[in-house]
Amino acid sequence: MIFFNFKLNRMICPIFFLYIINVLFTQYFIKCEGNKVTVISHNNGHNDNLDVNKNGVISQENVFDTSESLNLPSNKKVGSDDLNTTTISFTVPDNLENEVKVVSSSESGKGATVSHTKVTSEGLSDTQPNVTQSVSSSTHTPGSLDSTMSTEQHSSVSQSSLPTESSSETLNKATVPEIPIQINSGLLKNYNGVKVTGSCGSYFRVYLVPHILIYALTKYSVIQLESLFNDNARIDVEHKGELQNKCSEGYHFKLVVYITHNVLNLKWKTYKPNEESKSEDSDVRKYRIPKLERPFTSIQVYTANSKAGVIETKNYNIRTDIPDTCDAIATDCFLNGNVNIEKCFQCTLLVQKKDKSHECFKYVSSEMKKKMNEIKVKAQDDFNPNEYKLIESIDNILSKIYKKANKPFEISKDLINLEDLDYQFKNELLEYCKLLKKVDTSGTLEEYELGNAEDIYNNLTRLLKSHSDENIVTLQGKLRNTAICIKNVDEWILNKRGLTLPSESPSESSSKSDSYLNTFNDKDKNEDKDDMSKNSKEEFKNDDKENSDDQNNNDSNKKDDENNINNGDTNYVYDFDDDDYDNNSYEKDMYESPIKENKNGVIDLEKYGNQIKLKSPYFKNSKYCNYEYCNRWRDKTSCISQIEVEEQGNCGLCWIFASKLHFETIRCMRGYGHFRSSALYVANCSKRKPIDRCEEGSNPLEFLRILDEKKFLPLESNYPYSYTSAGNSCPKLPNSWTNLWGDTKLLFNKKVHRYIGNKGFISHETSYFKNNMDLFIDMVKREVQNKGSVIIYIKTQDVIGYDFNGKGVHSMCGDRTPDHAANIIGYGNYINKKGEKRSYWLIRNSWSYYWGDEGNFRVDMLGPKNCLYNFIHTVVFFKLDLGTIHVPKKKSWKKNVYFLRHNTDFMYSLYYNNYEPETSQDFESENDYDNAFVHGQSDESDETNKEGKNVHNSVEKKIQILHILKHIKDSQIKRGLVKYDNINETKDEHTCSRVNSQDAEKYEECKKFCLTKWNECKDHYSPGYCLTDLYKGEDCNFCYV
């Protein structure tokens, strides 16, 4: 027996010794495979795959966020056809508050305990996270109430050593950023819902994909719901009554969101740390959700840390309603930061050369299927030979105009001197202008004398100095500005200014056009009264009638040249003006009226949306246009986005182009669709002498007078614009021409205020609002939301020229006498170089697409403190009754919409609302919330003086951002990271920062190729596919751009 034991011991000891070695050496076994570093942890059966992404940042895949035993799936690439996906089923828990979570991924600050992976760092920047990684093991400590059994990923960043904004360091190291976001979120174990906890003062969003968005501005204890299935109707949780739980400094909050029996439940609670059980009962709100064609598929939580320069998106998968293969492609697009998952999904199918019979094509839009053959044609095949040559010439000039051309383009910003121009480069400049003249359709270079090589060099370098921070994509577009080739470039702008102010009253009017529209008699009054009475009786008999913000340009919307028959597939639109509102309370009128709940305390979201629609059918709180942000041109499916930038040429007809754009946006908002109207018709039907039409200015009053007298406005295609023809006689009207004016009537404003009121026309001078600019801003926002745009009068002389940089935000003063008419088409928020939160107007000019930022520019709403006049001298809007038309009915939800798509400002506003200025305020009262989105004046004005001279530099701060994305499914986390050199890139539907390379060393090459070739592919239906086709290699993936 002893012998047996001895032999057994001799056998067991080596085995035990080998087991100990195996445990020690395989605790963290690192496997290198290409650019992927896989860290396999055998602690408790967890497998952490750390992928070095395109920026050199390690991302973790297959991190199991639970302490339960799990069957590990085999490692597969995202997008592989055999990736397994399962559906989680949910039941209602008996006690929701004590329910254990399956998944919790939280960032709770420095010093938090972690399990399996602990990452520490030194340093923090306002703009850029960049920390090194260390790996260790630790044991998770469960909390008390609502504690989880899950493994949690905690984050922390200290505040010292991250590179500053001006630092040359980037995120090209293998790093895992630590996120001091004080928001924790987790998926409820047996329920369709999440719990979000954190410190009061943060701003976050919860998205129940694809139907409901929840906004939480905890600093003001404001929680709002937006129902995406019902025209984006937004409701405040305090509709039912004031919240009992209020956030204060030092308090924490808890928000529980879950769905049961088609009812959305919200539970909100605030408490002092470690005193949650002692705090008051939670505020509870319930909302009934209508039966929807598509179920809820995931819950997303969006958070941001402005100091660390981090935005985080977590996607908790609760249901998969598409095949695993297709879901894997969509997940891959999500993890690479794509804002339009459908386009990325389509591009991936094309690049992978999937057959049309493939199951994933069921989830592709019908529009894409129709354009399949078009997509497979290279973008440049549509170019004429001169376009090829011009593109090549621009690239050559940009490669030679900088001294350090041998370095990467973005680093090389030193321009060569005039004496450095050699004979070959001079010829290149001359040839460039000849090509530009051939492809230019505005006729500008036909009118002006072309400059010599020295003139062109001076004009070009002046423009490049004004755009020193822009990338090659922007500069390629700027070099299509024809002004660069003019000998005396300052003459380019002289005839583009053409505004004269109207008189303030009929008695002071020296112009027939002024007095004509001031005439308002009892007959007009009675007609308007009858029309309004008729409209109010018949308006919106059908609840399905839709606002035209989402209306496509569709021939069925024509009034005169199309035969629309009401066969049950269309609704009537009865148009009337909707301007009679109290500027101080219109938001309250629209969104804060009492809402009835049923006996169980449940509010019906569908009924509420219909109620809002009936209150103001044209006032739509769209995700592309709301009180905080508005840019309908970003929504490529909208009617307004089809309105192109105009080029008035060498003629002072800015007043016509500003007026016609305003008229066209009103038509879009009223459901008439977009049909480009003829500016030349208005110009040539003016009663002024032909020789004066381009040289003497006018204003929107004359625009209305001409059309009201003629009762006709043809299409642009009927009577095309050429500024050289703006001296001809008023044309005779062929029967084949379309009349866009139709039955339009001018209405008279009945409210008394500080404005110039004319028939069909109202104007407000900012000087009257000097002590109450918030009222002015509210009024303008209202009009832009309601009518799509407003007309503005501004001063451009010695302020705005051909080289004006429209990319940034300018803080400029105005002048007593404006000289130019343009349009405000949107607005938004930004952070200036001093770290102050500010707001801007988005302005559309009529100086061509290649001027400013694709024809637009942004201006601070309030401007510098020392201004005598605001940059916006006057705002003008029309009051029109357009009559009635037929518009197609639209279903509440498209069956082929399967993928996430936010508006382009979604990430920026998330960051902005979490941003705390350096002169941060303490917790404000709830009454301060009303002014939270319009921010005051600062001393910052760059090169601005009281008269507003020569402003070129942007006052907007450049902020680098790291976007961390987490996809949580079956208790498994997959991560993606995208770095943006400027947070404004998150506003772009496409950006080369999202290119991907299997070889990390090839990332910069892929990004540079994308930037260089972008202008060739940007108008292609699938730019990612176009870039892939041009690249020909296999190292780059462009579908994520």
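Note that Cβ sites are derived from N, Cα and C of the backbone, with glycine treated the same way.
According to Swiss-Prot, the features are:
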- Asn84: N-linked glycosylation site (CARBOHYD)
- 101-111: compositional bias 'Low complexity' (COMPBIAS)
- 101-173: region 'Disordered' (REGION)
- 114-149: compositional bias 'Polar residues' (COMPBIAS)
- Asn130: N-linked glycosylation site (CARBOHYD)
- 150-168: compositional bias 'Low complexity' (COMPBIAS)
- Asn459: N-linked glycosylation site (CARBOHYD)
- 500-577: region 'Disordered' (REGION)
- 502-515: compositional bias 'Low complexity' (COMPBIAS)
- 521-545: compositional bias 'Basic and acidic residues' (COMPBIAS)
- Asn554: N-linked glycosylation site (CARBOHYD)
- 564-574: compositional bias 'Low complexity' (COMPBIAS)
- Asn583: N-linked glycosylation site (CARBOHYD)
- Cys654: active site (ACT_SITE)
- Asn684: N-linked glycosylation site (CARBOHYD)
- His820: active site (ACT_SITE)
- Asn845: active site (ACT_SITE)
- Asn984: N-linked glycosylation site (CARBOHYD)
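Projection of Swiss-Prot feature records onto the structure.
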residue	record	Cβ within 10 Å
Asn459	N-linked glycosylation site	25
Cys654	active site	28
Asn684	N-linked glycosylation site	19
His820	active site	26
Asn845	active site	27
Asn984	N-linked glycosylation site	18
Of the recorded positions Cys654, Asn684, Asn984, which one sits closest to Asn845 (active site) when you measure Cα to Cα? Cys654
Among the recorded positions Asn459, Cys654, Asn684, Asn984, report those whose Cα falls within 10 Å of that of His820 (active site); none is a fine answer. Cys654
Cα separation, Asn459 (N-linked glycosylation site) to Asn984 (N-linked glycosylation site) (Å, whole number): 28
Using DSSP and collapsing to three states, where does Asn984 (N-linked glycosylation site) fall: helix, strand or coil? helix
Helix, strand or coil for Cys654 (active site)? Use DSSP. helix
Secondary structure of His820 (active site) (DSSP, helix/strand/coil): strand
Conformational class of Asn459 (N-linked glycosylation site) under the three-state DSSP mapping: helix
Rounded to the nearest Å - Cα separation of Cys654 (active site) and Asn459 (N-linked glycosylation site): 24
Students should find that the Cα atoms of Asn684 (N-linked glycosylation site) and Asn459 (N-linked glycosylation site) sit apart, in Å rounded to an integer, by 34
Using DSSP, would you call Asn845 (active site) helix, strand or coil? coil
